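Down below is the structure, laid out as structure tokens.
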């Protein structure tokens, strides 16, 4: 009975309104323990908002401290990322290595880099392709100069390759599909290989890209290869480079980019626009897609008796998130 008098007194002092009771959660409490879905979502949003406020306040505080210290301010801390924490790979290419230079001068791509051959590409598909794959091949042929599209019906790749060699094709690209969606790419360098098999994902056609530019022109694009640092990555990068003619036509202002990040190869096709003498903008032209190397095979395509240089084995190779192969 005596315990009930204190709330009554405080209520009388506040004009008859009872004082709100503050609820304190235990330190181990988690929002996921709230059973009500709407309440749980509301509390989670409040928690995220509070986290953002605290992060912003800490950032402002650090900036003020740096401005107050001036030249005596300590250097900015470099954030830890998976890329800069990468496990060192002993096959990383040194540009000044004589052995690497000798291998490049004698590999299958040497005739291209010595300007002895001109790229001529055949783009084909899996058996009887559907509409989305057909449109993707047509748009890919506008990105790669001197490329020809052939829709095969029941013709085996082993029979196509000799015909390609007889017609002076330097590369063969095969787009595979599953459930009407492009999901694989086979790139075979002719006449002696190698052959790379990629898993393809995140395919976006031109009409699916927001704020895209006008249709690409017939100018030869520039080629940018990013982060192909190991011996394996160097070989894959040289395969992509050999698809495009030697001398880009800069007047077209078109760029094809193969960007390797965490062993995923992101392809983008852009046009850059000079807004002023100092500012440059870019427009994405499309298509865009992502590749993941599954295997690299010596020679041309041979699924039964081919000799493989490298095969991606998930259970053995993907034991560490900081270990990359390209």
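Residue 1 is the first one shown; counting continues down the chain.
For all residues, glycine too, the Cβ spot is worked out from N, Cα and C.
All TrEMBL annotations are machine predictions without curation.
Under the heading compositional bias 'Low complexity', TrEMBL lists 1-12.
The compositional bias 'Basic and acidic residues' feature in TrEMBL is assigned to 65-74. Within the chain carrying the compositional bias 'Basic and acidic residues' (65-74), a Cβ under 8 angstroms from the stretch's Cβ atoms is held by none of the residues 6 or more beyond its ends.
Mean model confidence for the domain 'Brix' (119-302) is a pLDDT of 92. Per TrEMBL, domain 'Brix' is recorded for 119-302.
If you look up TrEMBL, you'll see 1-24 (among others) marked as region 'Disordered'.
Marked as region 'Disordered' by TrEMBL: 49-81 (among others).
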